[in-house]
Amino acid sequence: MAGRQLYLYSLLSFFCVGLLMVEMVSGTRGPFIGAHIGSQFSASGVNQTPMEDVSIQCRDVCGLNVSDRCPFIRTTPDCHSEGGYLNYLEGVFCYFPPDLLPLAVTLYAFWLLYLFLILGVTAAKFFCPNLSAISTVLKLSHNVAGVTFLAFGNGAPDIFSALVAFSDPRTAGLAFGALFGAGVLVTTVVAGGIAILRPFTAASRPFLRDIIFYMVAVFLTFTALYLGRVTLAWALGYLGLYVFYVITVVLCTWIYRWQRRRSLVYSMPGTPEMLSDSEEEPVSSNSYDYSEEYRPLLFYQETTAQILAHALNPLDYRKWRSKSVSWRALKVFKMPVEFLLLLTVPVVDPDKEDGNWKRPLNCLHLVTSPLVLVLTLQSGAYGVYEIGGLLPVWAVVVIAGTAMAAVTFFATSNSEPPRLHWLFAFLGFLTSALWINAAATEVVNILRTLGVVFRLSNTVLGLTLLAWGNSIGDAFSDFTLARQGYPRMAFSACFGGIILNLLVGVGLGCLLQISRSPMAEVK
């Protein structure tokens, strides 16, 4: 019965939010909301000068003759992207003949799917573990870590996609659409699926708390869309509301523990009203490390070369033999990404005795990680800058990193991690964040290109493709938690994650855009 009620709630919220979004896109209310919200952002962006011709839009290219499309793309300011490594619009209209346009769109679609795969792998295997290690180093409680570091790790693709979209006024509608679309998908399809997979009785107070905060966040966003601008105070209000949400979670947890200590003798444990916000039931460790059972009976000392080879190998051969064909096919696509990330992103695991210390690989990370940092900031613009006209920044980084790696290599051993090994968690966090940001930039540019080709608004693309792609990982994670017997934890994650995505995504994205603009608002 509880599962059916939750599923009916999910369907009801889906239709309500869907009707509101249709009303927004169709332009029935407000001076800001039009048939193409992305175009409205483009026409009144913060970087626009009063003399700019706002009548020329990049979407007009499809109405031109075939011979005029490439010059139009190269000369129209609205068709230029400020970030990213590839010019997808120029590739479609300048390098593919018109009769091969379906082939170009198909290739872009496959590349888009692969970028979503990169986002998921980076967030799950590199970004989140380092965030967990940082929370352990800082000795944060599970609740504080859950609503800050770990929640940010789970919502990293959504947040970084929103930050990238807000960095360009022409794609700000894409950010709003993606955040709303992900919220609708997670609170309906994912939440309803959890209730069907594992019916449960919801913890009323945490559930009501999350619903209230999410409704307030949605109301603030609708108000901003209606007014047609986001001011500095409004952006700070988004971030302040999330800080207040974190404080509320901490206080609720403290009150719960205090009540539990008082009533432990008089009440039965595990009643619905006394469930913890953080689901304090111990998580099974059966899936923690699949290869634990394959440890050799006789211990032997690996050489430095063997440690490096094993650390860079993304494939577990024993696990490969026991998995299905579909898992193997997906693993083949993941392996190049995982190898590149293993080579450039250090991962600290506090649950392991050695903290995942791999001496040769970690020393190599002191060279590769800073190199990734300078080659991904502003799409490599900082990395190729020449210092004094002599050496580029990337060469200086390689020289300094090599010297630091040499000192670390000769000052440490293979068997025991150094005292400052925990610093690699911060390096891995920063490097993985920039990898995610680089992939998210390409995702936004591809979606904008598809919007130009099919004459779709950025909001529609955000509500559909971007929202679905960024929410796939959350959906699988939540369904897995539900199957393992933790439906309340998965159900709470549905709402806690989208609160973070909406408040931090809009608040921080608009704040960064305001900081780069002479105006104190984003229109």
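Including glycine, each Cβ sits where the backbone N, Cα and C put it.
Annotations in TrEMBL come from automatic prediction, not curation.
Per TrEMBL, these features apply:
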type	residues	note
DOMAIN	109-250	domain 'Sodium/calcium exchanger membrane region'
DOMAIN	425-513	domain 'Sodium/calcium exchanger membrane region'
TRANSMEM	7-25	transmembrane segment
TRANSMEM	108-128	transmembrane segment
TRANSMEM	140-166	transmembrane segment
TRANSMEM	172-195	transmembrane segment
TRANSMEM	207-227	transmembrane segment
TRANSMEM	233-256	transmembrane segment
TRANSMEM	363-385	transmembrane segment
TRANSMEM	391-410	transmembrane segment
TRANSMEM	422-440	transmembrane segment
TRANSMEM	446-468	transmembrane segment
TRANSMEM	489-514	transmembrane segment
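Only residues 6 or more beyond the boundaries of the transmembrane segment (363-385), in the same chain, are considered here, and those with a CB under 8 A from a CB of the stretch are 83-85, 308, 343-346, 392-394, 397-398, 400-402, 404-406, 408-409, 424, 427-428, 430-431, 434-435, 437-438, 441. As a summary of secondary structure, the domain 'Sodium/calcium exchanger membrane region' (109-250) carries 124 helix, 2 strand, 16 coil according to DSSP. Sorting the domain 'Sodium/calcium exchanger membrane region' (425-513) by DSSP state (H, G, I as helix; E, B as strand; all else coil) yields 83 helix, 0 strand, 6 coil.
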